[in-house]
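Quick look at what Swiss-Prot annotates:
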- 19-1095: topological domain 'Extracellular' (TOPO_DOM)
- ASN77: N-linked glycosylation site (CARBOHYD)
- ASN103: N-linked glycosylation site (CARBOHYD)
- ASN144: N-linked glycosylation site (CARBOHYD)
- ASN163: N-linked glycosylation site (CARBOHYD)
- ASN237: N-linked glycosylation site (CARBOHYD)
- ASN271: N-linked glycosylation site (CARBOHYD)
- ASN306: N-linked glycosylation site (CARBOHYD)
- ASN425: N-linked glycosylation site (CARBOHYD)
- ASN447: N-linked glycosylation site (CARBOHYD)
- ASN530: N-linked glycosylation site (CARBOHYD)
- ASN579: N-linked glycosylation site (CARBOHYD)
- 822-866: coiled coil (COILED)
- 1024-1105: region 'Heptad repeat 2 (HR2)' (REGION)
- 1055-1083: coiled coil (COILED)
- ASN1058: N-linked glycosylation site (CARBOHYD)
- 1096-1116: transmembrane segment (TRANSMEM)
- 1159-1162: motif 'Di-lysine motif' (MOTIF)
Amino acid sequence: MLVTPLLLVTLLCALCSAALYDSSSYVYYYQSAFRPPDGWHLHGGAYAVVNISSESNNAGSSSGCTVGTIHGGRVVNASSIAMTAPSSGMAWSSSQFCTAYCNFSDTTVFVTHCYKHGGCPITGMLQQHSIRVSAMKNGQLFYNLTVSVAKYPTFKSFQCVNNLTSVYLNGDLVYTSNETTDVTSAGVYFKAVGPITYKVMREVRALAYFVNGTAQDVILCDGSPRGLLACQYNTGNFSDGFYPFTNSSLVKQKFIVYRENSVNTTFTLHNFTFHNETGANPNPSGVQNIQTYQTQTAQSGYYNFNFSFLSSFVYKESNFMYGSYHPSCSFRLETINNGLWFNSLSVSIAYGPLQGGCKQSVFSGRATCCYAYSYGGPLLCKGVYSGELDHNFECGLLVYVTKSGGSRIQTATEPPVITQHNYNNITLNTCVDYNIYGRIGQGFITNVTDSAVSYNYLADAGLAILDTSGSIDIFVVQSEYGLNYYKVNPCEDVNQQFVVSGGKLVGILTSRNETGSQLLENQFYIKITNGTRRFRRSITESVENCPYVSYGKFCIKPDGSISTIVPKYLEQFVAPLLNVTENVLIPNSFNLTVTDEYIQTRMDKVQINCLQYICGNSLECRNLFQQYGPVCDNMLSVVNSVGQKEDMELLNFYSSTKPAGFNTPVLSNVSTGEFNISLFLTTPSSPRRRSFIEDLLFTSVESVGLPTDDAYKNCTAGPLGFLKDLVCAREYNGLLVLPPIITAEMQTLYTSSLVASMAFGGITAAGAIPFATQLQARINHLGITQSLLLKNQEKIAASFNKAIGHMQEGFRSTSLALQQIQDVVNKQSAILTETMASLNKNFGAISSVIQEIYLQLDAIQANAQVDRLITGRLSSLSVLASAKQAEYIRVSQQRELATQKINECVKSQSTRYSFCGNGRHVLTIPQNAPNGIVFIHFTYTPESFVNVTAIVGFCVKPNNASQYAIVPVNGRGIFIQVNDSYYITARDMYMPRHITAGDIVTLTSCQANYVSVNKTVITTFVENDDFDFDDELSKWWIETKYELPDFDQFNYTIPVLNITYDIDKIEEVIKGLNDSLIDLETLSILKTYIKWPWYVWLAIAFATIIFILILGWVFFMTGCCGCCCGCFGIIPLMSKCGKKSSYYTTFDNDVVTEQYRPKKSV
């Protein structure tokens, strides 16, 4: 049985009507009437605790609570709630407990007690020492249960469950119905002896273990590892092993990856333009008779109101009854477009009296605000007040604005632009709903930047790599520190398995590399501690055998730790299994080989008019041919069916081999089609060179050097390195050499040495030895360098000529191979040509021309002759049809082979030896060819082999047990013997290693089962044993009249494609090109830096001083001292800047005057 988790059972009640299984983390309810058999059972009724709270007293400061009433409580909206008192319980008294209730939507169930006459408003007075459980709906009681206090001496718990609205008092079921409704509110009304603990719960499925009808253990199906395992297998008892599982848990997290960091949204700006109504008439008397024009009403959005025509009008301020009137509008029409907000807005213009026109329009409700403008209008507008209706006033322009406050409408002068900033918060290592660059899906996101950044994936502004289904496989996000790569994995791993060791759930095996996992063989292991995942733990010590569960060479212990299984050497084996040992060759080094393979995938179709082919235009022949029946139709149906099958299979072939999408990478302007070879490309390293300062201050001289020159340069490095010139000389092939370049310091040194040696004759002659030695060493350097240059020149010329010759051979051989491919197409036409040539054969007739036969002979004789032509030509067509059928079968088989080659060689890497080329497959590139495909296979083939002793297996004879045999696991390799030790190695590559438990399969016996195949003879179908086939055939042949055409004159050839010789020729050319590699003698470039002479430095100093003086003089003469006074520090300039500067100003009267102003400090 799996280990029971912490915080398990704290209370277990199995009473008369119901039972509950209660813990601090969940409560399990089940009907006592339902007694399942012993064992594990999957049921509903489990409720996991989601919230726990407590309450000490809700009766306030009064002496007690009021019995018989419902008071207090809290809103829960949950599947279940449990309200429990302390273990001692509460007395049925107003000083301790009064009422507990649960509200199921419109139904309320409660328990209370009330012994006071007239003081029990809900239940009425009860008998002494009794309690009441009631249910009430819409204020009316419809269920009453009176129970003696003797059964429930104290109140301990009141629990309500949504399943059939079940209510439990002290663990007993006291109310239920046929409805299932969540609990909306609940509470306990009490005074003392608290606290009351409230447990709010949600419903989950559970697996319960029953003994004699009572739940002894419960496992929640809550998504935990233990719950997933137990509820999927309907048991809590597991033996050691691996258990596949699925986890379809609810995805709660979402995230979005935006393509842009920010998005600008430009809104539409609606423009309303108003103009002057030139044809408007003066208004009649009364404000209601003022006519409006150009009414514009804004709906929602952004608006611009254009009142440009008002520039010729004069705004009239509000002056009691005269002019404008807009106290509710804090803006003018000139500022209405300054980003004002409205809930509704309507604008119109009118023409009315300036005297009272605006004010009365606002008072009468025609507008919220009114703006008056004068344009010098006539005195023709009637008044709007009761005493002025017949008076004439000056007409003016009135602008009505009707508005209400809000945010639906905003005014603007330009289309508004709102910038939305997007932030990518990517959720890792959990199943999420994602929206990545507009593609929506669900997946498990992992960060693969460390493994992908070095290969420059998506370097050319790409966003994502899609898989064959079109879903995102890898995507990239630009961050502050560069590109981050993420991989989208499926949420559900079909290979995930729980690991049970020692009866305990200890870990998970999955194919997904999650954080904290460790690699075991081809899977990743995640340890589980206390029901949760934990981080990676290193593999502990090795063991000789594993009494628990093992995976390959790893042993998984009950504590979740991992040990490596290293079995002891088999000291008890008597002999190799079956006493069979043999020497085998196993390759240990390989060469890259390129193999060309041509496969024909289509055939040329043919259509022949059978009747025209047989008889031509002869009517006599056509009449005679009618006696042959539908032979032409049958033959043509065969040819046509071959063509139709060819078309159908060809379409299926190309549709099945065409990839779902073309991901063409661009790698430095190199197109590789569908094949991504970015993993093979490396980033070129930046060349090393001298610093910019050295190249600027020194003149460099380059000369051809020897390999010893680098050591010379390192030896002479430093400020006084020239003094060690002769000391740093090197030898090359026994000769002393020095670089031929001599600097000025060296020249001075050696010249002084030579002059000093000649000063006193023989006494100082030895001083010339350094001069002579260095001169001879430099002459040796020049001679050796010239000889190496000549040798390298000869090698380059010879290798180049050899390479040109091999390239010519290669082009010639490739041309021949392609010519043979083209011959396949040409020979298809040759078959048709041969068929047409059969028209010239007479097939035993007097002529091959039907018209000529009918001219020379009478009708009966001519028909007999033409009958021979018809029979011969039908035979020729039959051969053509048979040839096409045979060709279709062969091409169909070739297409199947091509499909396998594309799927296994092009789209993947084949594991079959020599199926994709010769040797182990690496890469295949397909190319189009006439009527087929050419595959270019890149493989590696063995170059050298190791001769080892191979062993089938071992026969082991333990001391106190029966013998058994061990053999290698299929696919792991073979057992070999090396220096009296035994190892296992792969069959196709020599890699010997120690034998582990995961490499062997145990057989029950050391004996082999031999199977022999008996020879079985099928009896003849003729009962007579004296049946002679030759005799029967001769009888049939003699009795049959026959006359066959001369088939020797008919020649039919099936073309066979053979480019083996040309491929071998290409391989010889490749070897020749490899042999033409040039191995040059190593030369080096000697770069010597020579310092400039002293007079150059003196000229640079003079030029710098002159430049500074000229710059100071310019500042001095122009008066632009500004910031220069404190920068240059020139004394005359400082004294000049200390005075007041002057400037000249030219006035309109062309009088030039001089003005002075104080100096401004900077």
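Start at 1 and count along the chain as shown; that gives each residue its number.
Backbone N, Cα and C atoms are what each Cβ position is placed from, and that goes for glycine too.
Model, not experiment: these values are computed from the prediction.
Taking ASN306 (N-linked glycosylation site) as the reference point, the glycosylation sites whose C-alpha atoms are within 10 Å of its C-alpha, out of ASN144, ASN237, ASN271, ASN425, are ASN271. Taken residue by residue with DSSP, ASN163 (N-linked glycosylation site) is part of a helix.
The separation of ASN271 (N-linked glycosylation site) from ASN144 (N-linked glycosylation site), Cα to Cα, is 74 Å. The Cβ of ASN103 (N-linked glycosylation site) has 21 other Cβ atoms within 10 Å, all protein chains considered. Each residue contributes its Cα atom, and for ASN447 (N-linked glycosylation site) and ASN425 (N-linked glycosylation site) these two points are 13 Å apart. ASN425 (N-linked glycosylation site) and ASN163 (N-linked glycosylation site) are 41 Å apart (CA-CA, integer value). Looking just at the region 'Heptad repeat 2 (HR2)' (1024-1105), the mean pLDDT is 59. Over all protein chains present, the Cβ of ASN447 (N-linked glycosylation site) has 15 other Cβ atoms lying within 10 Å.
Looking at ASN271, ASN306, the glycosylation sites in this record, the fewest other C-beta atoms within 10 angstroms of the C-beta turn up around ASN271. The two recorded residues, ASN103 (N-linked glycosylation site) and ASN271 (N-linked glycosylation site), show a Cα separation of 59 Å. When the glycosylation sites ASN77, ASN144, ASN425 are scored by other C-beta atoms within 10 Å, ASN144 scores highest. Distance between Cα atoms for ASN77 (N-linked glycosylation site) and ASN425 (N-linked glycosylation site): 33 Å, as a whole number. Cβ-based crowding with a 10 Å cutoff singles out ASN163 as the top-ranked of the glycosylation sites ASN163, ASN237.
ASN425 (N-linked glycosylation site) and ASN271 (N-linked glycosylation site) are 41 Å apart (CA-CA, integer value).
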